[in-house]
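Encoded as structure tokens, the structure appears first; notes follow it.
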Amino acid sequence: MKQQAGIGILLALTTAICWGALPIAMKQVLEVMEPPTIVFYRFLMASIGLGAILAVKKRLPPLRVFRKPRWLILLAVATAGLFGNFILFSSSLQYLSPTASQVIGQLSPVGMMVASVFILKEKMRSTQVVGALMLLSGLVMFFNTSLVEIFTKLTDYTWGVIFGVGAATVWVSYGVAQKVLLRRLASPQILFLLYTLCTIALFPLAKPGVIAQLSHWQLACLIFCGLNTLVGYGALAEAMARWQAAQVSAIITLTPLFTLFFSDLLSLAWPDFFARPMLNLLGYLGAFVVVAGAMYSAIGHRIWGGLRKHTTVVSQPRAGE
């Protein structure tokens, strides 16, 4: 069990690192390529890669599962959610820094929590509410220098925030639908179907020929984005299979900090290619509060449960005392 937990930690960290680096690479490609085209290539590469892996393992999804309309509807909802999330997230990167986009993305777990209560009839814990409030407070701190602009003017920066919030919101529909689909299919099978369907849906919107205009560096970044999608989500699925979902979710919340770390590091090494995040001390602190809130929402109940259990064990009198 310890070995499985160790592997689960490494896989979850792999996902957080992949997702942390992703928007930095995408920002380079967005200088030439529009969001729908980038997302098209990401889904195409991920679909081919995951399809090949499942074919070798003889684990391609059985289509007989979708003979019932209910499962087809759920698949359509999940596809629309992932489609919208990828497009809106890429669009937000046109106006925001990679770190800002990832910090806003932490709203997704809060939305998933609310949706799980109303749609899946799950119980909301007090630690989840506290974590959500911490996260929202962290967002205010992170955007402290831009709050007036965001709420009073419809600037490019405001559009970036709107797209980012939209991406986090539509992701919830994907998350809820996938949670139900997992009763019939394994996570890699669901992802393969979603990648394939999203690739087909994006083809009319994409401009595949633009790839010829990319520099060697930008082409490398685009390939990295495609592989990142395959590895990031694949590692997440394997982590969930080997470790408890709450702990995996807690590690995934570190994603914005990896983005912040990579952005600072790359801007120092190659300032001509990578812009340094324009954050004051309160902004940096806000990023940490956002992550802490998301993490507390994911595992806060386990922390308090462990403390109560420890207190109970310690307070029990022994025989003869």
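Backbone N, Cα and C define each Cβ position, glycine as well.
Both Val32 and Phe273 are recorded by Swiss-Prot within identically named topological domains, on the same side of the membrane. Regional average pLDDT for the topological domain 'Periplasmic' (92-99) in the model is 95. Of the Cβ pairs linking the transmembrane segment (191-211) with the transmembrane segment (279-299) and spaced 6 or more residues apart, fewer than 3 are under 8 Å, so the two regions do not touch. Note: the stretches the transmembrane segment (36-56) and the transmembrane segment (217-237) are in contact (3+ CB pairs below 8 A, sequence gap of 6 or more).
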